[in-house]
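Let me give you the structure first, and then I'll get to my questions.
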Amino acid sequence: MSKQQPTQFINPETPGYVGFANLPNQVHRKSVKKGFEFTLMVVGESGLGKSTLINSLFLTDLYPERIIPGAAEKIERTVQIEASTVEIEERGVKLRLTVVDTPGYGDAINSRDCFKTIISYIDEQFERYLHDESGLNRRHIIDNRVHCCFYFISPFGHGLKPLDVAFMKAIHNKVNIVPVIAKADTLTLKERERLKKRILDEIEEHSIKIYHLPDAESDEDEDFKEQTRLLKASIPFSVVGSNQLIEAKGKKVRGRLYPWGVVEVENPEHNDFLKLRTMLITHMQDLQEVTQDLHYENFRSERLKRGGRKVENEDMNKDQILLEKEAELRRMQEMIARMQAQMQMQMQGGDTDSSTLGHHV
């Protein structure tokens, strides 16, 4: 009597079905179980609402004990690096978010070299990842590479400042730059559009490489294609941040209250906050891939070239030392040979003198 086949191994599909179609589900389950890692850097002058915006984006307080420096402290203030990591879980999906803040950027009177500290930090994370990747234990590498940089631009100017241009050009080959116009509630809608166009023109004029959202695939649904088009058209994002709940039209919303009305943070008609958050969430994977495939690979290739040249130089130095040692040894041997010849001649001369003296006696 034949045993009944276990039901869990019965193929419910049509004949010829193998099951490869379930691979994406396996990858998804594995990724969800492992969790995601993302590092966001925020750079901009003090007073542009960077901390408020980040807290608004992720509904968390990353800077509970921050002390705001006075004007006198800012004069000689240097750029600092403050990395805050928080574990966020939403519907079973875990995100290890690291926000790298740069207090002191642009505060000092002489801000020419203020971005060197930031560049060093970005390179250090690449260096650490390269070291861990080259080690024996590669299963538990923590990825602290900077995947995205929100660069905050002041709404009070008429475009990019020289410092903005210099900084973005200094890092655009190392990290994905997303330009953000801060405190958009200080501008009218027409002023925002003029400022956006001016900034984009100056970015193109100075050949600054910012992060470009990839085009939607042809097989994507129309809603996603339209969303991608709107996100692209919104760059640079003009945003408002607030952690205060106020009442507007009978409901509680996060926003800012003015004598003339309420600016709602999450109202797309008031600012680009929702678009910025949507861009970050929907393109988080692409930001990581561009970091891995472009910025990190550029760093890695250059680093290995420098390492190769260093090894070559060391080998050349060793060969040079050996040649010098051999030449010195030959000189010593020649000198010893000459000394031996002189001693031989002196000994022969002494024998002749002795024989002469004996003959006279």
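Just so you know, glycine gets a Cβ as well, placed from its N, Cα and C.
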State the residue range annotated as region 'G4 motif' by Swiss-Prot; the candidates are 58-61, 66-69, 182-185.
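Per Swiss-Prot, the stretch marked region 'G4 motif' is 182-185.
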Looking at Ser51, Ser218, Ser355, which one is marked phosphoserine in Swiss-Prot?
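Among Ser51, Ser218, Ser355, the residue Swiss-Prot annotates as phosphoserine is Ser218.
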What range among 18-28, 106-116, 260-270 does Swiss-Prot describe as region 'Important for dimerization'?
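From Swiss-Prot, the annotated region 'Important for dimerization' range turns out to be 260-270.
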Can you say which of 4-11, 44-51, 188-195, 220-227 is given as region 'G1 motif' in Swiss-Prot?
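From Swiss-Prot, the annotated region 'G1 motif' range turns out to be 44-51.
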Between Lys50, Lys190, which of the recorded positions has the fewest other CB atoms within 10 angstroms in the structure shown?
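So among Lys50, Lys190, the recorded positions given, the one with the fewest Cβ atoms within 10 Å is Lys190.
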What is the total of other Cβ atoms whose distance to the Cβ of Phe156 (site 'Important for dimerization') is within 10 Å?
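Other Cβ atoms within 10 Å of Phe156 (site 'Important for dimerization'): 11.
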Where the distance is taken from Cα to Cα, which of the recorded positions Phe156, Lys190, Ser218 turns out closest to Lys50 (GTP binding site)?
Phe156
Over the region 'G4 motif' (182-185), what is the model's mean pLDDT?
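Looking only at the region 'G4 motif' (182-185), pLDDT averages out to 90.
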At 10 angstroms around each C-beta, which of the binding-site residues Gly44, Gly47, Gly104 has the fewest other C-beta atoms nearby?
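Minimum Cβ neighbour count within 10 Å, taken over the binding-site residues Gly44, Gly47, Gly104, occurs at Gly47.
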Pop the Cα-Cα gap between Lys190 (N6-acetyllysine) and Gly47 (GTP binding site) into the table, whole Å please.
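Counting only the Cα atoms, the answer is 23 Å.
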